[in-house]
Amino acid sequence: MDSPHSDTTGSVLSSPSVSSSGVFSQKRADIHNNETTTRHVKRPSAVTFRDPESCDMVQGESNSNYSETQSMHAAEQSIERNGKKGSCYRCLEGNQFTEKEICIVCNAKYCCKCVLRAMGSMPEGRKCVTCIGKKINESRRASLGKCSRLLKQLLNELEVKQAMSSEKTCKANQLPPQLVLINGEPLNQYKLHVLQTCQNPPKKLKPGRYWYDKVSGFWGKEGDGPCLIITAQLNVGGRIKAKASNGNAKVLVNDREITRKELWMLQFAGVNCEGKPSFWLSADGSYQEEGQKNEKGPIWKKTRIKLFCALLSLPVPPNVANPAGEDVSQRTLEQQVLLKLLLVGYQKSGTSTIYKQAKILYNVPFSEDERQNIKLKIQCNLYGYLAILLEGRERFEEEVLLENRKLQFADGPGSSGGASQIDGKTKYSLSPRLKAFSEWLVQVMVSGNLEVIFPAATREYAPFIQKLWNDAAFQATYNRRHELQMLPRIATYFLERAVEISRTDYEPSDMDILYAEGTQSSNGLSSMEFSFPTRERESFIDGYQHDPLARYQLIRLHPSSLGASCKWVGMFEDINMVLFCVSLTDYDEFWLDSNGVLINKMVASKQLFETIVSHPTLEQKDFLLILNKADLLLEKMEEVPLTRCEWFHDFNPVISHHNNNLTASVAQRAFHYIAVKFKRYAREILKWDHNENSFINNEFSTTTVTEASTTS
Ligand SMILES: Nc1nc2c(ncn2[C@@H]2O[C@H](COP(=O)(O)OP(=O)(O)OP(=O)(O)O)[C@@H](O)[C@H]2O)c(=O)[nH]1
Ligand SMILES: [Mg+2]
């Protein structure tokens, strides 16, 4: 990728307005219009930081160390281009009134047609593809994670969330520690971390020079009065200077000469400041005059002090700022560690079910919009199941008619036959009205337009559902539903309540949502955050202690969104763990792969596993293998042996039968066998050199299972 126009993207965050063919034709246009491409050039520029209450730097900082480093970054970020002022940096069209998105590194501005092509899948947020990996323009730090209207129009809610989250959390966009100087001393990575993760960190920290009174927690921009009280006693920065805040009140507090405003505040709090005293002020507001023994205060105890400080634009400790403690709990939430979990698996492995389950378990409510969409999806699925049954009914009817005709023929042309044989009726025959409805529904299903008829269908056709459900021919078909391969297992759960579900006032329960198919977009990604609710934490009986401060982000990703060779996995460099989901029942099932070749689903799952495990981005990540649908394994093994899958050819436990049935422990053996197969395979791919754990050592003990143990 050597130009911001590189279109090696074909984004996961694809937009409906950018078709793949569009990307290709654009690519060619770029080759021909090379002269119009933007170029990054080194051009020194003055960096201006806003002067905020929140301790930002102001223009004109002259400290050599700081400004040198800063201007170096600024130089990298300049961009030169052709085209008239205000036009898009890519297509060179539009003017200053055209809505545009800005690259947070080089400030290049792109119109809505170009932004996704110029910025690709945004693994680090809004950056031209050529700016990926580069430090952001510090003047844009305040806008990190704040999405523009334009992006919201181009991407869906989740895609926006993912891009904004990456923008805030990815490594390249983090504040360079050496650009933050405290009491004259630059921070390092560790100290920056200490500062940012303390209980009351400085808000919206930006590069700049600050003073910090470690004893009281007072914090401000060098040369200015205090703007904040942060956590005290942090091991960051050098020794505070008396003139750090440019005070002239002739009163020293913790070795710093305070400002006039601070002096007024102390006097209001009842502190005797006569005779140029020096004080020690603690984080809790208690104070002591130098040389005196008695501690006084705390200065914050006066109830009106908050108002007084507000009038003087002076900070108060966070718990005083909000006596109800809301601020503190909010902060606590912010500083909790966010652990990112990436949930991925082959098609139908059950990732969306796990995702929904987590939502329900950890009380992450579905929004009104989500519920409405899920409701329509469930109703749409129901009509789909009915259509499959009705199609089956036609087949059953034809079969019976054919059978009858054969019988008639065998009995000879003169035979009278039953009444039903004469009028062509069977137990699968519908009344003309229901038949018309049935034919229409089957046709809609076959043409793939089922989703199009909703939500109108719920109003117009609900009465038919009731009639259909009560119809004997339909019930006869329903009783033979297991013969209909197209009908998913879960259909019965919904069909039993067909009348209720088809009504307009139907409200899906959590269970309905969990069981519903296709409620998570299968070619996008879904993301949610959760922590273990306190109640659950207390009543946990498995002895596992959850970190009470840990928050988790669960990102569910469908393999189809990963592109060829899973190239978009690169987006997830900051995740902490990969949850790889495998459906245990895949071993005898087949699927057409992208080349139209029929492939065993377990083998396909293994291939996906290999791609993910060996992806450079995920090299150092923890992996958790989830073997899903374990509840169906035994039942399946009773019908089809595990060895049906070529990869499992050596599964050979001593099998004991109870009334010709396999025992549960054989399914358990199979479960362990598959787990070990995956683990061994990972070891093979990654060439692990450390010892196998005890679980591995126990592997394939399946072959030594005695009859006694399998029947116990
Ligand atoms: N019996 C049983 N069924 C499950 C289990 N997990 C998932 N399913 C069912 O398996 C089917 C596929 O599960 P999904 O969660 O949709 O799988 P997915 O990985 O999202 O698959 P895509 O549709 O490709 O996105 C659904 O009908 C689920 O109800 C399980 O543990 N046991
Ligand atoms: Mg699904």
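Heads up, the Cβ atoms here are built off N, Cα and C, so glycines get one too.
Note: TrEMBL annotation is automatic and uncurated.
Over in TrEMBL, the protein carries these features:
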type     : residues                       : note
BINDING  : Ser352, Ser522                 : Mg(2+) binding site
BINDING  : Asn628, Lys629, Ala630, Asp631 : GTP binding site
COMPBIAS : 1-10                           : compositional bias 'Polar residues'
COMPBIAS : 11-25                          : compositional bias 'Low complexity'
COMPBIAS : 60-72                          : compositional bias 'Polar residues'
REGION   : 1-77                           : region 'Disordered'
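Overlay of TrEMBL annotations on the structure.
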| residue | record | contacts (Cβ under 8 Å, 6+ apart) |
| --- | --- | --- |
| Asn628 | GTP binding site | Gly345, Ser349, Gly350, Thr353, Ile354, Cys581, Val582, Ser583, Leu584 |
| Lys629 | GTP binding site | Gly350, Ser583, Leu584, Thr585 |
| Ala630 | GTP binding site | Leu584, Ala667, Phe671 |
| Asp631 | GTP binding site | none |
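The 6 Å Cβ screen around ligand 2 retains Ser352 from the binding-site residues Ser352, Asn628, Lys629, Ala630, Asp631, ordered by sequence position.
One way to see the shell of the GTP site is to take the Cβ centroid of Asn628, Lys629, Ala630, Asp631; the remaining same-chain residues with a Cβ within 8 Å of it are Gly350, Ser583, Leu584, Thr585, Leu627, Leu632, Leu633. Only Lys629, Asp631, of the binding-site residues Lys629, Ala630, Asp631, place a Cβ under 6 Å from an atom of ligand 1.
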